Amino acid sequence: MMESHSSQQPPTVFVLFGAGGDLAWRLILPALFNLYLDKSLPQQWMLMGIDRQDYDQHSLAQHYRKGIQQHSRRPIPDEKTWQSFAQLLRYHQADITDPGSYTQLAKALAEQDKAWHGKAERVFYLATPPFLFADLANGLGEAGLAKERQHARVVVEKPLGHNLESFCEINQALNHHFEESQIYRMDHFLGKETVQNILALRFANPIFEPIWNRRYIDHIAITAAETLGVEHRAGYYERAGALRDMVQNHLLQLLCLVAMEPPIAFNAYDLRDRRMDLMHAIRPITEEEVGRYAARGQYGAGWIRGTQVPAYREEDEVAPDSNTETYCALELHIDNWRWQGVPFYLRTGKRLPVDASEISIRFQEVPHQAFPASAGLNAQPAQLVIRLQPEEGIVLRFMAKQPGPQLILRPVEMRFSYQEAFQTASPTAYETLLWDIMQGDATLFTRADQVEAAWRLLMPILNVWETNPAIDFPNYHAGTWGPETAEVLIAHSGRSWLAPSLSEREG
Ligand code: BG6
C-alpha cells in the first residue's frame, strides 16, 4: 500500500456510469490515477464502475491500465503502486434502464457506508451519452440516492443537449431530483490552468484592469485551432459540428472570463454571477444577421505537416454530402459600458495548420504617431496574447527601436511560460475538476442559466445553418486557416485574423 492519502477529506464513493466507455478510459481514469499519485484522493475512496458490458473487477482494471498507459500525464511508477490503485476499483454490471439496478446500487452504497462506519460522499458521474441523462437522474432519484443534498453530487458533461429545447429537457430531469447545488456541469476548458490564470492576470495585477476596456482595446480574438480531424468521433460530430462542439461551451466560457467584471470574491456564487452578467450583455444575433456575423466551413482534403489527409466527407461514418461544419467563426458584441464598440471574434476549426488555443487582445493604435514615417513602417499596435495551448503562457508584443544609428521601429515580444516559471507540469483539466467535485467546490462548473443563455444565443445560427445547407462545402483545404468567408467576416470591420503566437519550438 502507498502511504495514506488525504485524511482531511471525507470518505467518497465515485460512482461511474458508462465505466466501459471512451471518456472513462481516456480522460477520467488517467486523471483519477494522477490524483492518486499525488495523494489527493480521500483516504477512504472507491470507484464503483457501472456499465452493461461484460467486465469484472479484474478485467476492468486491466482495461483501465491500458488507458492510463496511453493517456496519463505520468506513467505508472511501479507494479506495487498500480496494484494498490487497482484494488480501489469495483465493477457492477447493470442495465441503467432497469430500475432494479438502482435499488442494487443503493444497497451496495449502504453496505459501503457500514464498512466505513459512516456516511460516504457520493459522486455520480454520468459518463454516458446524454440521451441517458434523464433516465439516470430518474433512476437515482427514485432509489432515494439524490435526496441527501450534502452527500450526493451528480456530474454531467457536454453535449448538454442538441439545442435549447433538449438542454431544457435534460435540465428538467436533473432538477426534478437534484438541487442546482448538487449538479456539476463540466466544461473541461474551465479546468485548464491557463484559463483560471486569465482571472489571476486580470484581477491580481493592478496594471491591466485600467486599460481593459473600450478606451484602449481595439478588439479581442479567441482562437481554438486543431490539426486533428474528426478522428473516430464522427458518430457524435456529424450531429454536433464545430459551433455546438466548441463554441457553445468552451469558447463562450473563455469570452466570459476575458470580458466579465471583477468578482467580489473568488467563489462559485460570485464568479458564476459575473460570467452570467456577461452572457446577458452579449448582443443577440438574429436569423437575418447570421450571414453577417457567422461563417462556417468544412475541410476538404489537404496536407498537415507533410502528411496528406482526407476530406471530412471521406472520413469513416461521415455522410458524403454532410452539411456539418468543422470550422466556424463569429463576431460578437457586448452591450455594456466596458465593451461598447469592441468586437469579439471567435474562431475554431479542425484540420487547421497548427494546434493553438489563445486569446489575443489587440490594443488601439497610438493616438499620435510622433516618429517619422520611415521609422514606423512596421508599426503595429500592442498585443497581449494569453496562450492556453500547446504551451501555456503570456506573450506581450510591442514596438521597440531597432539598435543602430537610424530610428527604425520593430515589433518585439516578451514571453512568459508557466512551465518555465513554475518548473512544474500543470495538472490536466480533468484532474483539477475531479478534485473540485470531490471537494464540493462548484466554482469551475457551469450553472444551468449560463448553458441556457449560450444555447439561446446560438439557436438562430444553428437554425439558419440547418435549414440552408452549405452549397460551398468543402470550402477550405485541410492545413489552411479556414474558409474565405471567415476572412470576409472579419474584413467587414477593416480587421484581419492575427497569426497565432507560436514559439520557434512550436512553429
Ligand atoms: C472537446 C471537443 O470538448 O474539446 C473536441 O469535443 C476538441 O472536439 C476538444 O478536440 C479540445 O479540447 P483540448 O483540451 O484537447 O483542447
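The backbone N, Cα and C atoms fix where each Cβ goes, glycine too.
Taken straight from TrEMBL:
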DOMAIN    15-197  domain 'Glucose-6-phosphate dehydrogenase NAD-binding'
BINDING   R52, D95, I96, K158  NADP(+) binding site
BINDING   H188, K192, E226, D245, K350  substrate binding site
DOMAIN    199-497  domain 'Glucose-6-phosphate dehydrogenase C-terminal'
ACT_SITE  H250  active site, proton acceptor
One finds that other Cβ atoms within 10 Å of the Cβ of R52 (NADP(+) binding site) number exactly 15
Smallest Cα-Cα separation from K158 (NADP(+) binding site) among the binding-site residues K192, E226, D245 is shown by D245
Quick one: among the binding-site residues D95, D245, which has the most Cβ atoms sitting within 10 Å of its own Cβ?
-> D245
For ligand 1, which among the binding-site residues D95, I96, K192, D245, K350 have a CB under 6 Å from it?
-> D245
May I ask for the distance between R52 (NADP(+) binding site) and H188 (substrate binding site), taken between their Cα atoms and rounded to an integer number of Å?
-> 26
Among the binding-site residues I96, H188, K192, E226, K350, report those whose Cα falls within 10 Å of that of H250 (active site, proton acceptor); none is a fine answer.
-> H188
Express the distance between the Cα positions of K350 (substrate binding site) and I96 (NADP(+) binding site) as a whole number of Å.
-> 34
If one measures from the C-alpha of H188 (substrate binding site) to the C-alpha of D95 (NADP(+) binding site), what distance in angstrom results, rounded to a whole number?
-> 28
K192 (substrate binding site) and D95 (NADP(+) binding site), compared by Cα position, are separated in whole Å by 34
Listed in sequence order, the residues of the same chain lying six or more positions from E226 (substrate binding site) whose CB sits under 8 Å from its CB are T348, G349, K350, R351, L352, D355
